[in-house]
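**Student:** The diphosphate binding site annotation in Swiss-Prot covers G13 and is backed by sequence analysis. Sequence annotations record features per position, and here Swiss-Prot assigns Mg(2+) binding site to E105 based on sequence analysis. Residues annotated as site 'Important for catalytic activity and substrate specificity' in Swiss-Prot: D106. The site 'Important for catalytic activity' feature in Swiss-Prot is assigned to K126; the stated evidence is sequence analysis. Annotation source Swiss-Prot lists substrate binding site at T127, I128, D129, R164, M171, G172, R173, E224, R269, H275, L276, Q277, R278. Residues or ranges marked as active site, proton acceptor in Swiss-Prot: D129.
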Amino acid sequence: MSKMRIGVLTGGGDCPGLNPAIRGIVMRALDYGDEVIGLKYGWAGLLKADTMPLSLEMVEDILEIGGTILGSSRTNPFKKEEDVQKCVENFKKLNLDALIAIGGEDTLGVASKFSKLGLPMIGVPKTIDKDLEETDYTLGFDTAVEVVVDAIKRLRDTARSHARVIVVEIMGRHAGWLALYGGLAGGADYILIPEVEPNLEDLYNHIRKLYARGRNHAVVAIAEGVQLPGFTYQKGQEGMVDAFGHIRLGGVGNVLAEEIQKNLGIETRAVILSHLQRGGSPSIRDRIMGLLLGKKAVDLVHEGKSGLFVAVKGNELVPVDITLIEGKTKNVDPAFYESVKTFFNK
């Protein structure tokens, strides 16, 4: 069993579960006698050869810590050819045998491109949006849902106290998994997701029915990527675009709150959960899945695999070609959304 020098990085938005994955990688690598090197702040770490050692002592107590001890960024080395070449050079200078990238579609997509250039790469999926194809689960989703549920519970208390409608804006650029699951588990009175064009008149009638039967408040959950019909508002600040071309979203909750108040005459406030959904100690599931995904990634490295990520399929962890998720989004089935509308308050 040959010893290896394995690099690890975390890219894109942070989320709970990254540190457990790092711990899982290091713990499994120790079984092989490997040396693990952390690349700081995502692909920027490879570009700048900015590293840190990942020893047992460094990771033994990080299971319950949110975020990532390696730091993260949205650096895209493929924006410039010279950056690509610098990364390839640094990979060799650091004497890496393989690199494990923990991230979403963008981070894993970069890993896939480097794999095609001959650098051994394995991916671990993470995103609180749970919108990656080919996998049933992504790190961070479970904890983020818990945060959304807790927020809805707290906001319902204040909505009830002041006889208001509160609109909760939840992350989800193209997919509404977080808003739908968080809204259902939190008992939101109505939920809007990007996959289904919103019917505002249906929403207004729903709130009218609640008030007609004596209820004095409502909580509406909406994913940040929802496009309200008839509005041409900018769903993100002008010029606020990341290295992968994504506009930073935010604001649909405020627009919806204004429309509810204007059309129903009920005081309405908007709350944007934003980065609260990314922080905090990982849930039990995110801790266990992080450990298992990290372990499997190291095993794939020792099997000589590259260009793959560890997918969750039922109760199994299986290697999947990263190219199968590039440019794709795992969306909520509109039929499923319609079926669970029965749980919206009546």
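A Cβ is built for glycine as well, from the same backbone N, Cα and C atoms used for every other residue.
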**Student:** Looking at the recorded positions E105, K126, L276, which ones sit with their CA no more than 10 Å from the CA of G13 (diphosphate binding site)?
**Tutor:** K126
**Student:** How many Å separate the two farthest-apart Cα atoms among the substrate-binding residues T127, I128, D129, R164, M171, G172, R173, E224, R269, H275, L276, Q277, R278?
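**Tutor:** Farthest-apart Cα atoms in T127, I128, D129, R164, M171, G172, R173, E224, R269, H275, L276, Q277, R278 are separated by 32 Å.
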**Student:** Would you find the one among the recorded positions E105, D106, D129 whose Cβ has the most company, meaning other Cβ atoms within 10 Å?
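**Tutor:** Result of the Cβ crowding comparison: D129.
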**Student:** Please work out which residue of K126, T127, M171, L276, R278 has the most C-beta neighbours within 10 angstroms of its C-beta, and give that one of the recorded positions.
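**Tutor:** Its Cβ has the most other Cβ atoms within 10 Å: K126.
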**Student:** Of the recorded positions listed here (E105, D106, K126), which is spatially closest to R278 (substrate binding site) when Cα positions are compared?
**Tutor:** K126
**Student:** What is the separation, in Å, between the Cα atoms of R173 (substrate binding site) and D106 (site 'Important for catalytic activity and substrate specificity')?
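**Tutor:** Counting only the Cα atoms, the answer is 14 Å.
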**Student:** Can you name the residues of this chain that are 6 or more positions from R269 (substrate binding site) yet have a C-beta less than 8 Å from its C-beta?
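**Tutor:** Same-chain residues close to R269 (substrate binding site) (Cβ under 8 Å, separated by 6 or more) are R164, V165, I166, V167, A257.
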**Student:** Can you give me the Cα-Cα distance between the residue listed as 'Mg(2+) binding site' and T127 (substrate binding site) in Å, rounded to a whole number?
**Tutor:** 9
